[in-house]
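For reference, the structure discussed in these notes is given below.
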Amino acid sequence: MKNTCGILLNLFLFIGCFLTCSASNTPKVQVHSGEIAGGFEYTYNGRKIYSFLGIPYASPPVQNNRFKEPQPVQPWLGVWNATVPGSACLGIEFGSGSKIIGQEDCLFLNVYTPKLPQENSAGDLMNVIVHIHGGGYYFGEGILYGPHYLLDNNDFVYVSINYRLGVLGFASTGDGVLPGNNGLKDQVAALKWIQQNIVAFGGDPNSVTITGMSAGASSVHNHLISPMSKGLFNRAIIQSGSAFCHWSTAENVAQKTKYIANLLGCPTNNSVEIVECLRSRPAKAIAKSYLNFMPWRNFPFTPFGPTVEVAGYEKFLPDIPEKLVPHDIPVLISIAQDEGLIFSTFLGLENGFNELNNNWNEHLPHILDYNYTISNENLRFKTAQDIKEFYFGDKPISKETKSNLSKMISDRSFGYGTSKAAQHIAAKNTAPVYFYEFGYSGNYSYVAFFDPKSYSRGSSPTHGDETNYVLKVDGFTVYDNEEDRKMIKTMVNIWATFIKSGVPDTENSEIWLPVSKNPADLFRFTKITQQQTFEAREQSTMAIMNFGVAYHYQNILNLMCQMT
């Protein structure tokens with residue numbers, strides 16, 4: 001009996017000690033709105049880092065806050081549990097077609113840090129990097145991208161954020177009642193939160209780099225030109241997209257918002273009544289209404305997205321992006337060798353090539369997003385035929401011409417807008433702008449992920465692939481491959497040196513030539529090859545990455561627009 005009691009006593013003492021020790025080891029941080037308790041994670045090579053997940057940076061955008069600019073976060077009592085991610089914002093699950101996921105209460109961010117201030121005897125603050133997720137402004141969430149490669153050997157504080165998506169994030173009545181761009185204003189609120197609170201995690205608010213891919217890249221570029229974002233960051237990394245890409249600025253958003261109001265049984269003649277009525281409708285019904293503007297296979301990319309604000313007290317986009325002056329900070333811009341490959345791959349699934357071939361005139365204006373730009377049906381069809389002749393000649397759309405389809409999408413959707421953004425920023429700024437083309441194709445590929453049968457190493461890197469070698473993307477298997485590990489190290493070095501100094505890869509600075517400040521000069525960029533070499537290149541904009549094709553295509557559109 002005594003032995004049994006002794007064993008039980010020791011067991012209770014062990015449990016008590018375990019619970020006490022666990023509680024004492026819980027990382028805690030005090031921010032302006034309250035205390036936060038986080039957890040631990042491990043980087044790619046096993047470094048222990050702190051993680052604080054699901055931190056609210058604004059009040060929930062629900063009920064009367066729906067369709068409002070982000071409201072200040074309210075202080076909480078007790079300790080906020082930051083060991084689990086906050087909900088994604090309501091959006092469409094990528095690849096599902098029509099499934100709505102997430103919650104309306106979604107304005108959360110995640111912070112990762114290798115050390116807290118009390119562990120830093122020198123008191124040095126760390127560089128901060130903020131990642132803005134992509135997803136066409138209608139899907140995605142911050143937690144999908146982790147710093148598990150980036151923080152292996154670098155002392156950075158990493159932040160990822162959620163922001164409102166689709167109709168809930170980008171609806172507009174075209175006036176001061178609902179000016180639009182609330183999703184981007186959410187991002188501004190997150191950047192302001194970082195300025196106020198990041199020191200508590202060991203981060204330096206005066207050394208913030210923002211980065212994003214695709215719609216995240218468009219977001220970063222928009223912050224670079226928005227007066228609302230000035231002074232909130234110090235460097236920018238823009239991957240595979242820009243505010244100059246056609247899909248980055250949504251068209252006819254006010255008319256689309258009225259359409260949704262009518263669809264959900266709301267008035268359509270008065271902006272106040274539209275907004276008040278839509279606030280009473282189920283959030284998921286509003287989110288799902290987005291699909292009415294994607295008539296074929298989730299095209300066009302962004303029916304609801306950034307829009308020029310014609311009214312409002314403080315405008316995020318007071319004019320079209322091309323007319324706004326960028327903030328004078330270092331910028332690193334990149335593009336993948338075959339941006340359009342992932343999209344042509346999706347289009348080829350489930351008999352898509354035949355559907356596109358048989359309905360080219362109807363589908364192409366949505367794929368390339370000029371259905372609203374050219375309102376005249378005959379001119380839209382003529383444009384479709386001109387583009388088909390230019391890219392395909394007399395060949396049908398098929399597996400054999402998949403590369404032609406990829407090139408067409410690359411030129412229109414990414415090549416033209418991204419190169420013009422680099423030239424525009426360089427011409428306006430004194431700070432350097434660097435541009436590179438990512439040409440490495442390994443196992444970390446979106447084509448390999450979604451259609452492994454069509455993929456082979458060394459083929460072509462596509463939209464978003466390079467991000468997989470800097471950030472750990474949720475759902476991707478970590479391959480134990482020597483070449484891919486080497487590329488991870490290479491890409492992390494490019495980012496890390498730029499984050500620290502504003503210059504990428506400082507050991508090879510002679511290869512990284514800034515984009516010329518004179519748009520008439522040769523376009524300077526660095527090519528990262530399949531062999532993982534770096535090549536400094538200077539070419540005419542008409543030649544680089546088929547930009548000549550892009551200009552030809554753009555001229556077709558410009559001509560058609562002038563005729564309408």
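The first residue you see is number 1, and the count goes up from there.
In case you wondered, yes, glycine gets a Cβ from its N, Cα and C as well.
The disulfide bond recorded by Swiss-Prot for C106 reaches one of C21, C89; that cysteine is C89. Around N371 (N-linked glycosylation site), a 10 Å sphere centred on its CB holds 20 further CB atoms from the protein chains shown. Here the C-alpha separation of N371 (N-linked glycosylation site) and S214 (active site, acyl-ester intermediate) works out to 21 Å. Each of the recorded positions S214, N269, N404 was scored by the other Cβ atoms within 10 Å of its Cβ; the lowest score goes to N269.
Of all Cβ atoms in the protein chains displayed, 12 besides its own lie within 10 Å of the Cβ of N81 (N-linked glycosylation site).
In space, C266 is the closest of the recorded positions C266, N269, N443 to C106 (disulfide bond), judged by Cα positions.
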